[in-house]
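Asker: Pulled from Swiss-Prot, these are the listed features:
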- LYS11: active site (ACT_SITE)
- PRO99, VAL100, ALA101, ALA102, GLY103, LEU104, ALA105, GLY106, GLY107, SER108, THR109: ATP binding site (BINDING)
- ASP141: active site (ACT_SITE)
Amino acid sequence: MHAYTLIAPGKINLYLEIIGDRPDGYHELIMILQSIDLADRITLRPNGVQQFRLYCSHPQVPTDESNLAYRAAKLMQQEFPKQFDNFGGVDITIDKRIPVAAGLAGGSTNGAAVLVGLNLIWQLGLTQPELQGLASLLGSDVPFCVSGGTAIATGRGEQLDPIYDLDNLWVVLAKYTSIAVSTPWAYKTYRQLFNNTYISDRERIQARTHQVHAGPLMGAILQKDGAKIGRLLHNDLEKVVLPEYPQVAHLRETMAKMGGFGTMMSGSGPTVFTLCESYAQAEKIKQHIRENISDIDLQLWVAQLSNMGIQVEIAG
C-alpha cells in the first residue's frame, strides 16, 4: 500500500456575519472563506496494525484523540469498518506550518487531509461531496478545507457554495504566539452582547443570505478587485475579541496604517491579516510591521490566496 503526503492549506475569513441561533446550539452564520498557501504537510503511512498513531513535533499540537486528525481517522474506521479490517491503520505525521490556535483552520485542515488520505489508502472511491458530508461531522470548517478555494459558507459554516476562485492577491498574517482566543468564548460573548440583533425566522435568514450572495463583496471577488475587497472585509467577532485583547486591537490598528487593501482579524482570532496586491508589497508591509512592533512574541508570515483544497503532494 502507498503512503501519501498531502498539502493541507489554511484559510482566512473575508467575511463573517453572525445571523442568529440555531436549534442545535450553534450560530447561524454567513461567511466568505478563502484558502491560503500557508499549509501543513500530513503524511499517512500504512502501519500494518489495527490502530492509528499520530506524530507531531510541535509542542502545542496534541497527539491524542483531541486532535482533529486523529478524530478523522477514527470516524473513517467507524464508517468503513470492513476497509479498516482489510487495510489496517496508519501512522499520521503532521508537519505543522500553520500557526496553532490562530483562527486559520489549522486543526480542521489536518482533519480534512486525513479523510482524503484514507479515502485513497483504503480505496474507498468517495466523491468530494461525500468526503465533505463526513467532514461536517468533525467540525464547521472541515468541509471547506476539503475543497478549498473561495466559498460562501452558511448554516454553521458547513453549507458551501463555491465561487470564482480568488488567487491573485497576497496577505500578511500576524499573530502573537502567547495569545489564544477561545472560539466558544467568542461566540458565547457575542450572543450575550448582541442577541438583540439575531434573526430567527427562516425566511429572513434566507433573505439575508441572498443579500450577501448578491452583495458588493461578491461582486468585488468576481471582478478580482483587491481594493474593493479590502474595503468590504467584515468580521462580527472583532466586536468582542478586540476589546478583550488590546494587543490584538493595537496590532490591527498598526497594520491598517501600513498600506495594503484592507486589514481584519480572521475568524475568532487572534491572527490579523492585511490584503496585498503583490508579494513585494506584502513583504514590505511585513518589514514595516516588524519595525513598528519589535515584540519577539509577534510572528509574521506572507502567503498567497489559493484556489486549492487538500492536494496530494507525494504518493509512494
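Every residue, even glycine, has its Cβ placed from backbone N, Cα and C.
Set these features in their place in the structure for me.
Answerer: The C-beta environment of LYS11 (active site), restricted to residues of the same chain at least 6 apart in sequence and closer than 8 Å, consists of LEU33, GLN34, SER35, ILE36, LEU104, ALA105, THR109, ASP141, PHE144, CYS145, GLY148.
In the three-state DSSP reading, GLY107 (ATP binding site) counts as helix.
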Asker: Taking PRO99, GLY103, GLY107 as the binding-site residues to compare, which has the smallest set of other Cβ atoms within 10 Å?
Answerer: PRO99
Asker: Tell me the coarse DSSP state (helix, strand, coil) of LYS11 (active site).
Answerer: strand
Asker: Identify, among the binding-site residues ALA101, ALA105, the residue whose Cβ has the fewest other Cβ atoms within 10 Å in this structure.
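Answerer: Looking at the binding-site residues ALA101, ALA105, the Cβ with the fewest others within 10 Å is that of ALA101.
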Asker: Other than PRO99, VAL100, ALA101, ALA102, GLY103, LEU104, ALA105, GLY106, GLY107, SER108, THR109, which residues of the same chain sit close to ATP? List them in sequence order, counting a residue when its Cβ is within 8 Å of the Cβ centroid of the site.
Answerer: GLY10, ILE98
Asker: Quick check: in three-state DSSP terms, what is ALA101 (ATP binding site)?
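Answerer: Looking at the DSSP assignment, ALA101 (ATP binding site) belongs to neither helix nor strand, so coil.
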